[in-house]
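Novice: Okay, so TrEMBL annotates it like this:
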- 41-172: domain 'N-acetyltransferase' (DOMAIN)
- Val106, Thr107, Val108, Arg114, Arg115, Gly116, Ile117, Leu118, Ser119, Ser142, Glu143: acetyl-CoA binding site (BINDING)
- Tyr147: active site, proton donor (ACT_SITE)
- Phe443: active site, proton acceptor (ACT_SITE)
Amino acid sequence: MTFDENYQIQRFPAARPGEPGFEQAVEWIRAVNHGFHQPKRTLEQITTALGVRLADDREQLGVYQRGSVAEHSFPAERPVATFGTLRKDVNIGFGKMLPALLVTAVTVRASHRRRGILSRVMREELGRAQQAGLPLAALNASEAAIYRRFGFGVSTKERKITVDVGPKFKLNHTDAGRVESVPRQVLLELAAQIFASWHAAQPGSVGRSEGYRYQAAGMGGWGNEDDDNVLAALHYDAAGVIDGYVSYRFLGWDVSPGTFEIVDFVTANEAAYLALWGFLASNDLVERVSWATAPPENPLEWALEDRRCVRLVDEKDMLWLRILDVVAALEGREYSTDGELTLEVHDRLGFGSGSYRLSVAGGAVQVIQLDPGTEGSGSQAAVPSGDADLSLDVADLASIYLGGVLPSTLLAAGRILEHRAGAALLAQRMFAVEKAPFCASHF
Ligand SMILES: CC(=O)SCCNC(=O)CCNC(=O)[C@H](O)C(C)(C)COP(=O)(O)OP(=O)(O)OC[C@H]1O[C@@H](n2cnc3c(N)ncnc32)[C@H](O)[C@@H]1OP(=O)(O)O
């Protein structure tokens with residue numbers, strides 16, 4: 001039996017209680033929770049989560065069984081697979097933004113796995129996004145072996161760190177502003193605007209869900225419990241303008257040494273960032289701060305007299321990027337140096353297959369699609385193909401696109417093939433961005 005004989009796809013928005021579609025949205029959330037082995041949520045928690053989904057303008061996709069379902073199994077109204085999407089801008093370096101389809105809540109019920117459901121839905125949704133003119137797609141992956149086959153490449157990473165804020169913590173930073181402890185609820189109002197300043201200046205950043213300001217304030221926006229243990233502090237610059245916040249919780253007297261866990265930490269500039277670290281470290285009775293989503297390139301390490309106060313606990317891939325329109329993506333970038341590169345791009349799903357000549361002269365960017373590939377995506381007329389300088393998968397193009405993964409590393413790994421000596425190094429210099437890319441938005 002084919003997919004279409006067994007299943008049907010439905011797409012729908014979130015809804016509030018009493019509105020049409022509310023029951024369907026509730027069943028969809030329950031399917032997501034089941035897929036991620038999460039504890040059952042109350043209707044109230046699901047309603048809160050749906051409120052965030054509405055505010056984000058998310059689309060829910062469900063795959064439903066056709067005909068009758070197996071006796072005693074979940075009802076036909078409960079989708080066997082889920083796939084959520086929303087749209088946000090990605091900072092692609094030097095303050096430039098491109099819109100992306102963000103893919104989230106991907107689950108297939110265990111008893112329906114490995115029948116090609118994800119493959120079918122992914123191909124369809126990426127195709128629709130490309131048709132709608134979105135040059136990029138992105139996701140956070142639960143496992144690293146799933147998404148490369150669909151053209152997604154790792155573009156940013158994040159670190160879990162602990163910071164020793166005991167006597168060894170000596171920060172070489174003099175703050176021109178000040179820090180104040182504040183009621184956590186003020187972040188509901190302030191978090192989004194501070195994030196917007198950070199986002200505008202941070203390559204690799206993806207626009208944030210509405211849920212984040214609730215999370216920052218400890219107010220359970222994604223259907224979690226309100227958490228009165230969350231504490232908050234703001235940084236004010238010399239002129240009194242609020243330019244950063246940190247929210248955190250004390251892990252309790254049973255944890256030794258006394259530890260703060262960071263909930264959210266966003267600043268519009270490095271001075272506020274370092275000042276808030278100074279504030280965290282200045283708290284009595286606390287000798288450790290843990291942070292599960294820290295940037296790999298962390299100015300804190302270099303502002304400390306003893307950089308070993310920052311200890312790496314774990315590092316993992318964070319943002320997986322997918323280029324849907326190679327011409328638009330390459331044209332959208334600002335490049336760190338002039339140069340000319342011909343890229344032969346392979347794309348198993350066909351969206352970006354083809355050869356592209358990228359020319360940057362005096363900062364002006366021109367991209368010509370030379371060979372449209374099998375299902376090429378370029379908007380320009382095809383002209384005869386020249387010899388490629390580099391051959392690479394569209395997933396690897398996504399990895400080097402934000403400057404976070406070096407072409408020389410992918411060359412050494414055999415992922416990129418170099419046909420002209422020095423082409424990988426030129427790509428490295430051209431794709432470099434103004435600071436290490438980092439994404440602070442899980443979705
Ligand atoms: C963006 C996010 O939401 S990330 C969250 C992803 N979801 C989860 O981790 C929840 C638990 N897992 C699942 O629900 C499912 O196993 C999914 C969604 C990962 C895969 O769904 P399926 O319908 O089984 O995938 P499908 O049958 O289309 O498989 C596609 C390919 O991916 C491979 N694949 C699927 N899951 C995995 C995995 N976990 N690890 C490695 N490979 C995988 C399949 O073997 C297949 O390979 P092929 O193309 O070489 O034949």
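Including glycine, each Cβ sits where the backbone N, Cα and C put it.
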Novice: Show which residues of the chain containing Arg115 (acetyl-CoA binding site), separated from it by at least 6 in sequence, have their CB under 8 Å from its CB.
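Specialist: Once residues fewer than 6 apart are set aside, Arg115 (acetyl-CoA binding site) is near Phe3.
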Novice: Around Val108 (acetyl-CoA binding site), how many other CB atoms lie within 10 A of its CB?
Specialist: 21
Novice: Measuring Cα to Cα across Val106, Thr107, Val108, Arg114, Arg115, Gly116, Ile117, Leu118, Ser119, Ser142, Glu143, which the record gives as the acetyl-CoA binders, how far apart are the two most distant ones in Å?
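Specialist: So the maximum pairwise Cα distance among the acetyl-CoA binders is 19 Å.
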Novice: Using Cβ-Cβ distances, find the residues under 8 Å from the residue listed as 'active site, proton acceptor' that belong to the same chain and are at least 6 apart in sequence, listing them in sequence order.
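Specialist: Once residues fewer than 6 apart are set aside, the residue listed as 'active site, proton acceptor' is near Leu86, Lys88, Leu102, Thr104, Leu139, Asn140, Val206, Ser209.
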Novice: Could you state the whole-number distance in Å separating the C-alpha atoms of Val106 (acetyl-CoA binding site) and the residue listed as 'active site, proton donor'?
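Specialist: Each residue's Cα considered, Val106 (acetyl-CoA binding site) and the residue listed as 'active site, proton donor' end up 11 Å apart.
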Novice: Give me the Cα-Cα distance between Ser119 (acetyl-CoA binding site) and Tyr147 (active site, proton donor), rounded to a whole Å.
Specialist: 10
Novice: I want to verify one value. Collapsing DSSP to three states, which class is Val108 (acetyl-CoA binding site)?
Specialist: strand
Novice: Which recorded positions from the set Val108, Ser119, Glu143, Tyr147 come near ligand 1, judged by a Cβ under 6 Å from any of its atoms?
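Specialist: Among the recorded positions listed, those whose Cβ sits under 6 Å from ligand 1 are Val108, Ser119, Glu143.
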Novice: Tell me, by DSSP, whether Arg115 (acetyl-CoA binding site) is helix, strand or coil?
Specialist: coil
